[in-house]
Amino acid sequence: MSDLTRLTAAETAEAVASGKTSAVEVAEAHLARIDAVDEKVHAFLHVDREGALTAARAVDDKRAKGETLGPLAGVPLALKDVFTTRGIPTTVGSKILEGWIPPYDATLTRRLKEAGVVILGKTNMDEFAMGSSTENSAYGPTGNPWDLTRIPGGSGGGSSAALASYQAPLAIGTDTGGSIRQPAAVTGTVGVKPTYGAVSRYGLVAFSSSLDQGGPCARTVLDAALLHEVIAGHDALDSTSIDAPVPAVVEAAKLGNVKGMRIGVVKEFSGEGYQPGVEQRFREAVELLRELGAEVVEISCPSFTYALPAYYLIAPSEASSNLARFDAMRYGLRVGDDATHSAEEVTALTRAAGFGPEVKRRIMLGTYALSSGYYDAYYGQAQKVRTLITQDFARAFDQVDVLVSPTTPTTAFPIGERADDPMAMYLADLCTIPSNLAGNAAMSLPCGLAPEDGLPVGLQIIAPTMADDRLYRVGSAVEAAFTARWGHPLLEEAPSL
Ligand code: GLN
């Protein structure tokens, strides 16, 4: 077959199942692609060549025996280095976990393996998933395949870059404040934050437990849906896992129809700070939805204005508590000399050396916000804002089926531009954070290129809790219409490497 790295996940699975190609050939093609381009892109922190080929061989053996294969059997995937993988390093982009080899698989990892998905390796990310550019990785930045001098988004920039550079047709991300959707937007790929609790967090190294959510990343909406169905579902090992059937997302992606749907444009997500080309492409996408038969109305969600400050109190508060476990006694790095240093000194020296500046900033912020005397003024207030945001969503979804907005206010910015300005960096997640605070589902998908810089723009679709199928129904209708009119940004106009 011609270039196996250019196929979608659905096409790859079909080619393997029908015997047009073997899973080993598919894995080898992707490993060769990694060899050819990843020195430049730096999407991977660890490539598991042996593991990938062994998993691929197992799929081929199963097929040879006439056993039925799952819908993604033999399809390669890039896994964000925040999920534990038995016997394979898991660093979370941090020096503090350098050298740590987890003794167990995350539930998500286990499900991927059971489905015959071929895990190629672990992808780069902002340290502990804190960031919007992957520049906070302790292992160096990742380049955006559209322009290697620009950021691929964050924190899951390794995963989005792997997709956009054809190193993998599928990837996994985690979205605490936007880290699946924002990287998808700036690389012209598809990323979904499922409803909170839909995908198990067991074995996901915690940043902010009430917000963290794993989800699918792909180059097409259908591929994301296929992956969604593999990873979602109840898990007794995660106390916040939802015990209900997974919405029929693959069926919805195949349906792809918005006729008669009511779609709300979030009024608050426009104006100052939004790049003109992003707003232009967004307006065109809304026009397209109208042409496809949706009824479009404007919706105001006034509390969304406070989402960013509330998030930057809640997420660091939870992080300050979650990251207390990195004490030099349990995992990874250990600095200091037991003969001359006390246990407290070893902990302090290890944390000083092992955590980067953004992680330290968050731990300090969170510790302060939770301290007695300040708790009510900061953490308590932020939790009230969280309730107001949830109420805004509830009111909106009384009137419309889904909401839409740009995913990010700007296209990919140059590496280094916001590195020393945390506030500017935080603004990248302006439109994504409300859904994390409320726990509902949201997707980003490509909506063309900004005229001023030729870089991808993301359209965000937001659905109510446990109505993840609506994302796929609307998303695949938009994708089909876009592709028919302008061509798919990635499938037909490959970024040069
Ligand atoms: N950029 C946001 C942050 O730094 C979101 C990160 C994420 O979703 N993991 O907290």
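Any Cβ shown, glycine's included, is placed from N, Cα and C.
Here is what TrEMBL records for this protein:
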type	residues	note
ACT_SITE	Lys80	active site, charge relay system
ACT_SITE	Ser155	active site, charge relay system
ACT_SITE	Ser179	active site, acyl-ester intermediate
DOMAIN	25-471	domain 'Amidase'
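Where TrEMBL records a feature, it is marked here on the structure.
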residue : record                               : DSSP (3 states)
Lys80   : active site, charge relay system     : strand
Ser155  : active site, charge relay system     : coil
Ser179  : active site, acyl-ester intermediate : coil
Active-site residues near ligand 1 among Lys80, Ser155, Ser179 (Cβ under 6 Å): Ser155, Ser179
All-chain count of other Cβ atoms within 10 Å of Lys80 (active site, charge relay system): 32
Inter-residue C-alpha distance, Lys80 (active site, charge relay system) and Ser155 (active site, charge relay system) (nearest angstrom): 9
For Ser179 (active site, acyl-ester intermediate): intrachain residues, at least 6 apart, with Cβ closer than 8 Å: Met125, Asp126, Ala129, Ser132, Gly153, Gly154, Ser155, Gly156, Gly173
